[in-house]
Amino acid sequence: MSATLRRLILLTSTNRSRNLSPPFLSTAVNHLSLSFSSVSSSPESHTSPSRIRTRTPLETQFETWIQNLKPGFTNSDVVIALRAQSDPDLALDIFRWTAQQRGYKHNHEAYHTMIKQAITGKRNNFVETLIEEVIAGACEMSVPLYNCIIRFCCGRKFLFNRAFDVYNKMLRSDDSKPDLETYTLLLSSLLKRFNKLNVCYVYLHAVRSLTKQMKSNGVIPDTFVLNMIIKAYAKCLEVDEAIRVFKEMALYGSEPNAYTYSYLVKGVCEKGRVGQGLGFYKEMQVKGMVPNGSCYMVLICSLSMERRLDEAVEVVYDMLANSLSPDMLTYNTVLTELCRGGRGSEALEMVEEWKKRDPVMGERNYRTLMDEVYFLNKG
């Protein structure tokens, strides 16, 4: 047996005597085992000790940290070690090694820390494996841990249903019930799928169920959550339900904001209740709130189609005064209805005025609008 091989075996046995040798196939241990095989299989190793590979920085860091974790280490010690790692692979090696030590078991805080480290390092496969371990009961339940899992699952298309599996497990627990953050994450994820009207109705049932369960669990929604519920109803044109939630906001100590009113204005206008939409818009003005661009444009087009042209023009000027620019469809809708109502010359004057107030319009769009008005007037 060569001197080099004896030194390596002595080093390994010393680590074992300290109960520090990891029994799993970590990155660092794999590298060390490779060096053993290269020594035993290469005939030159008996005569050339200089050919033995030096340890990588990852191996050195791993050995340093496991030596710092003295026998009898606690979950707090492991959490500190995990948080100190900038390399998620090294953190996972430490996490797996500590889990195999006699008398120790990871708690929810250790799993939470490791999952966050893996997410930060974009080790999504590691994260999914850890999540399955948690769901299988590898550690006790914890609201922060489960919310972290739900956040990750909601952000990944193929894990969307898994987020609700975790939520249902929280519902069945005695001491880890869903909190406001849980419902915020789930509702936000559902709302991202409200992109088409027929799809909206599919997910609206889930929104209703979450809302009922939130109330039954005694979770008080904030303005952000209530706005998401209002938005869900408004996008499905369930405007009476949206208005009901709007009126309940005061019961929860929440104040409606510009988003609340914008969702309501768009919803009732798309439902055909333009007068009610204008009423919400004026209520916003009284409170000093400014609608977003899409709210403005839906209201302008709805008023124009209802031949309430003076009110539509007034909203256009208010939109421009708030440094927001209508799109070409909105401009065309107003101008077309003006020309159809025999107010063609007024339409030409408005195009000139809008060009002065709208820096985004540009010369090309201005010419397009003027040509459209001339064409409509000739017809």
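Keep in mind that glycine also has a Cβ here, set from the backbone N, Cα and C atoms.
Copied over from Swiss-Prot:
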REPEAT    142-177  repeat 'PPR 1'
REPEAT    179-221  repeat 'PPR 2'
REPEAT    222-256  repeat 'PPR 3'
REPEAT    257-291  repeat 'PPR 4'
REPEAT    292-326  repeat 'PPR 5'
REPEAT    327-361  repeat 'PPR 6'
Beyond the flanks of the repeat 'PPR 3' (222-256) by at least 6 residues, Cβ under 8 Å: 180, 183-184, 187-188, 190-191, 194, 197, 200-201, 203-204, 207, 211, 214, 263-264, 266-268, 270-271, 273
Mean of pLDDT values spanning the repeat 'PPR 2' (179-221): 91
